[in-house]
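See structure below.
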Amino acid sequence: MADRPETPLLDSVHVPADMKRLSDPQLKQLAGELRAETISAVSETGGHLGAGLGVIELTVALHAVFDAPKDKIIWDVSHQAYPHKILTGRRDRIRTLRQKDGLSGFTKRSESVYDPFGAAHSSTSISAALGFAVARDLGGQCEGGLGDAIAVIGDGAMSAGMAFEAMNNAGHLKKRLIVILNDNDMSIAPPVGAFSSYLNRLYAEAPFQELKAAAKGAVSLMPPFFQEGAKRAKEMLKGMAIGGTLFEELGFSYIGPLDGHDFDQLLPILRTVKARATGPILIHVMTKKGKGYAPAERANDKGHATAKFDVLTGKQTKAPSNAPSYTNVFGETLVDLAAKDDRICAITAAMPDGTGLQLMAERYPSRCFDVSIAEQHGVTFCAGLAAAGMRPFCAMYSTFLQRGYDQVVHDVAIQNLPVRFAIDRAGLVGADGATHAGSFDIAFMANLPNMVVMAAADEAELKHMVATAAAHDAGPIAFRYPRGEGVGVELPEVGEVLEIGKGRMIREGRRVAILSFGTRLAEVLKACEALEAKGISPSVADARFAKPLDRELILKLAAEHEALITIEEGAVGGFGSHVAQLLADEGVFDGGLKYRSMVLPDSFIDQGAPGEMYDRAGLNSADIETKVLEVLGVAQVKGKRA
Ligand SMILES: Cc1ncc(C[n+]2csc(CCOP(=O)(O)OP(=O)(O)O)c2C)c(N)n1
Ligand SMILES: CC(=O)[C@@H](O)[C@H](O)COP(=O)(O)O
Ligand SMILES: [Mg+2]
């Protein structure tokens, strides 16, 4: 880490306009201070560290050259935007990052005029920037005004289809648009795929780019110290045919690769581009993830995301837990099953560690595929594998599976292909907030004909569900489970194949039945303990399946209790709606059953600890207790919690 200078420049930079009076050497000094401040802040909050450290110089250079908020700097994914937040009026709150009521870990329009576009899912920046560029030329108006549109996109994010769709459109429209490809040769895991290899070749052939630029007469776009070499190169090139980069073929001018940590390259190039660019231009910048902080630079993921840590040693503090994570239970169970069945294969979209598939990749590399950030392709790839007799597990976070939804419907469900969807990070995930919440998958999977939908109540149940999915060849099947540790139940040696559409009774009681789908079961049982002390003994069942429903169990609970409450970690339209539909169809409501459905509220819940978020959602044990008392008319309903 750089030593702090006597008078920190950072103290005098509150908004980017304050940087305009700084000399180039002072900008370099500012970058050192910004790096130290970023490390210090993340050491207190935890969060995404490596990507931000890799763009410190780029962030300073962009804000020094361009005029935000009029110029729109759009950070792809935006997990690298902490340094940008520090320079754009949020330094005083940077130590609240990712906490309840604090700054978001991502860019957010409601947080700052300097965040023209929110993000957290990848590969949206070029489309959004193109929207700003076209609106500018059509006379659109927005807060801060409309100047240049600048997308900063990583090499991982650039591999996704959406980025190419945007470049295809931008190359055609020919509007002035600036794309900065921040190439650190890393995604969360090392990047995979032919596009990544292509970028590496561009880098390896860097002098060749200089020759090509010269050949295409782009010398004048280059800063003076480049021009001389380029002119000389042009002499050498006379008569040679030079092919274009992929970006040039798509209609972009291409500059690079540049050293993204070298102000002597960044500043003149950005100034030249600002002064002279006419159409779409792509600046290829090479950076190092984790740059300037040794523990991050050394880490396999280059410090992508971290818990709180000690700045001197880099040692992270993590809450101790004996229970295995749901993710590991999934990964280990899958490997055990794959050992006995060579039709089992697994697909991740750039999240091998996050989905637990790294185990499968180590043991059965030929049957484990990282398709890069390509959920749409990943789902259809699974459909093809299933159509050809394989047993594919499509392991994706609930929130990212959203991007592959048409493929789930059109390629998997309509063709009734037995793709197994392992849906991780179901429900509220915590510090990543609303963008990463797995709120909608129950609804969007259970409304599809042919689809079987399960949710694990604990880690042993998850093991059964993985086995059930592996054995299910009749059509598509999904099982969901949350982020983090299980509840600590004993794990069976082997997962049991569950009967499709059958739930289980957990406890027999009277008057009210609670039917739980997923890991709220633990909160339900906690609520029951409190209710017992008040003389109320609810029945509790674990539905296991949202589709097909256990009709027999549900109708029995309805018949034997005066009230039925469902609970799930998902938005309206999911499990509870299906139960209500069944009860209505069977005329059960006509008999006077009191029915309540506990679901996530119809609002996006900002980041916090998962428990806090479920408090805000009204889905914790105290809320369940209140709901039971209310439905039985035992107590007055208290005002709904904020
Ligand atoms: C649609 C989608 N899928 C997966 C992710 C998870 N994810 C977040 S960052 C990231 C890697 C991004 O790599 P890159 O764009 O190169 O940025 P870097 O972290 O290297 O700066 C991934 C896969 C996501 N945010 N969005
Ligand atoms: C930015 C991004 O999308 C990922 O880094 C995400 O934050 C990972 O979340 P998990 O920590 O749940 O794997
Ligand atoms: Mg990268």
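Even glycines carry a Cβ here, placed using N, Cα and C.
Annotations in TrEMBL come from automatic prediction, not curation.
Cβ neighbour count for His79 (thiamine diphosphate binding site) (all protein chains, 10 Å cutoff from its Cβ): 24. In the three-state DSSP reading, His79 (thiamine diphosphate binding site) counts as coil. Sequence annotations record features per position, and here TrEMBL assigns thiamine diphosphate binding site to His79, Ala120, His121, Ser122, Gly156, Ala157, Asn184, Tyr293, Glu375.
Marked as Mg(2+) binding site by TrEMBL: Asp155, Asn184. Long-range Cβ neighbours of Asn184 (thiamine diphosphate binding site) (same chain, at least 6 residues apart, Cβ-Cβ under 8 Å): Ala51, Gly54, Gly154, Asp155, Met286, Thr287, Lys288, Lys289, Lys302.
Taken from TrEMBL, the feature domain 'Transketolase-like pyrimidine-binding' covers 324-489.
Contact annotation for binding-site residues (His79, His121, Gly156, Glu375) versus ligand 3: Gly156, each with CB under 6 Å from a ligand atom.
Around the Cβ of Gly156 (thiamine diphosphate binding site), the same chain contributes Ser122, Met186, Ser187, Ile188, Pro191, Ala350, Ser372, Ile373, each under 8 angstroms and 6 or more positions distant in sequence.
Not one of the binding-site residues Asp155, Gly156, Asn184, Glu375 has a CB under 6 Å from ligand 2. The average pLDDT the prediction assigns to the domain 'Transketolase-like pyrimidine-binding' (324-489) is 98. Sorting the binding-site residues Asp155, Glu375 by the number of other Cβ atoms within 10 Å puts Glu375 first. Our reading of the thiamine diphosphate binding annotation (His79, Ala120, His121, Ser122, Gly156, Ala157, Asn184, Tyr293, Glu375) yields a largest Cα to Cα distance of 32 angstrom. Counting every protein chain shown, 20 other Cβ atoms lie within 10 Å of the Cβ of His121 (thiamine diphosphate binding site).
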